[in-house]
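J.: Structure in structure tokens, see below.
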Amino acid sequence: MRLWGLLPFLVPFILLWSIQEPELAEGFFIRTCPRVRVKCEVEERNECTRHRQCPNKKRCCLFSCGKKCMDLRQDVCSLPQDPGPCLAYLPRWWYNQETDLCTEFIYGGCQGNPNNFPSEGICTVVCKKKQMSSWI
């Protein structure tokens, strides 16, 4: 008898489990900021301090070595290299999915995207760990 009482709760999860396109199920799950702990030699300038400071439904997340506005529906490690429009000369690292390696690039100091890490080690911890957990 008790099993039948659970049926109304189980049916939506069974249906979501069978959805072939993950984008269709996005609205059913609350996404949270990535929980990646890294040791930072230098703290980065924060892009935000609160969610409301971020545009387009992005969230203010502690990521890498500073707070960034992040689209929680995006996989950070699949984003392309983006030096941003500014003209600073900051050596940084990004994860290249095609080569499965963290590669150095020059960041201009503003905008860009979150696939932008202060060291090869942090890039590797964030993106290789994420890749390995998706295999499990």
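Positions of Cβ are set from backbone N, Cα and C atoms, glycine also.
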J.: Using the record from Swiss-Prot, pick out the residue from Cys48, Cys65 that is joined to Cys60 by a disulfide.
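T.: The record-listed partner cysteine is Cys48.
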J.: Do you know which of Cys33, Cys40, Cys86, Cys102 Swiss-Prot records in a disulfide with Cys61?
T.: Cys33
J.: With the disulphide bonds as Swiss-Prot has them, who is the partner of Cys102, out of Cys77, Cys86, Cys123?
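T.: Among Cys77, Cys86, Cys123, the record in Swiss-Prot lists Cys123 as the disulfide partner of Cys102.
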J.: So, in Swiss-Prot, which cysteine from Cys69, Cys77, Cys86 is disulfide-paired with Cys54?
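T.: Of the candidates Cys69, Cys77, Cys86, the one Swiss-Prot pairs with Cys54 is Cys69.
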J.: Measuring Cα to Cα, tell me the gap between Cys65 (disulfide bond) and Cys33 (disulfide bond) in whole angstrom.
T.: 14
J.: Whole-number Å distance between the CA of Cys33 (disulfide bond) and the CA of Cys123 (disulfide bond)?
T.: 17
J.: I'd like the Cβ neighbour count for Cys61 (disulfide bond), meaning other Cβ atoms within 10 Å of its Cβ, all protein chains included.
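T.: Result for Cys61 (disulfide bond): 23 neighbouring Cβ atoms inside 10 Å.
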J.: Given Cys110 (disulfide bond) and Cys69 (disulfide bond), what distance in Å do their CA atoms have, once rounded to a whole number?
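T.: The Cα atom of Cys110 (disulfide bond) is 13 Å away from the Cα atom of Cys69 (disulfide bond).
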